[in-house]
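Asks: I grabbed these lines from Swiss-Prot:
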- 19, 20, 21, 73, 142, 203, 204, 205, 227, 228: FMN binding site (BINDING)
- 103: active site, proton donor (ACT_SITE)
């Protein structure tokens, strides 16, 4: 199995937690790393450092004690601001800077950031050059295959990235116009891999060990970014890693382990964010963890009304105790 290198860093495997706003916070990053991710990437941080004083932004800038390499994603459309944001994040502990040109969200694209940048290749080149020159750590880039299906310029952008000194390129197999609808396509990613010599990572709909192997075989990529499939299933990294190494499946996670992982995650969320914010953020994660289990919808309705950390943890323990007593088995 090929070794993945980003600048001076060698990853322990080919699986990376994709950056997701509102999801890949410090508690989730650390959990995914413990459960098999070779690298994790922070939530997107705005390049406008004037906005970093909000509590939400300050929490996104905390990386103390995290495993190396610490990769931080920045987003924006102004080369000078992105360069400054990169420098500031390195001062705060970032060891890799990732530039977001892949987010399709309207509130990002309307600010000429994220995947909106793919429409302006000259600006793309200017941004990449500015950020690479600004820092002495590896800079990576995340893109989509293009703006829409008639304008798949991923190969062109990949070549610009390589020329600018980008150390690795992640490609989501949809266009900006696709958002998250339909199925990801990997032909463009395969073409990008053939067109450049820097490491290329595939992203999009990689939700099982078999799909992971199929995408690697189809594209020849160096690594995979896993995003939405890890929500409520952070152990997917060890499952895929084991399958890629051995060709065999690990047993499904038993309910007692799922309970233990979820309670650990809740405790870290409550500690990191404080009670009020932690309780609120925990709700979506609990929904993801329990989505495939019987009675999850009814449980979520009452869980989302709980207002304190102790009640949340007690409620989760009761949910799992009832299912283990009923012999409901394992998680998906």
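Here the Cβ of each residue, glycine as well, is placed from N, Cα and C on the backbone.
Help me understand the surroundings of these features in the structure.
Replies: All protein chains shown were included, and the count of other CB atoms within 10 Å of the CB of residue 19 (FMN binding site) stands at 26.
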Asks: Please identify, from the binding-site residues 204, 227, the residue with the sparsest Cβ neighbourhood, meaning fewest other Cβ atoms within 10 angstroms.
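Replies: Least crowded of the binding-site residues 204, 227, by Cβ count within 10 Å, is 227.
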Asks: Can you give the largest Cα to Cα distance in Å, as a whole number, for the residues 19, 20, 21, 73, 142, 203, 204, 205, 227, 228 that bind FMN in the record?
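Replies: Taking every pair of listed residues, the largest Cα separation comes to 21 Å.
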Asks: What number of additional C-beta atoms lies within 10 angstroms of the C-beta atom of residue 21 (FMN binding site)?
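Replies: The Cβ of residue 21 (FMN binding site) has 18 Cβ neighbours within 10 Å.
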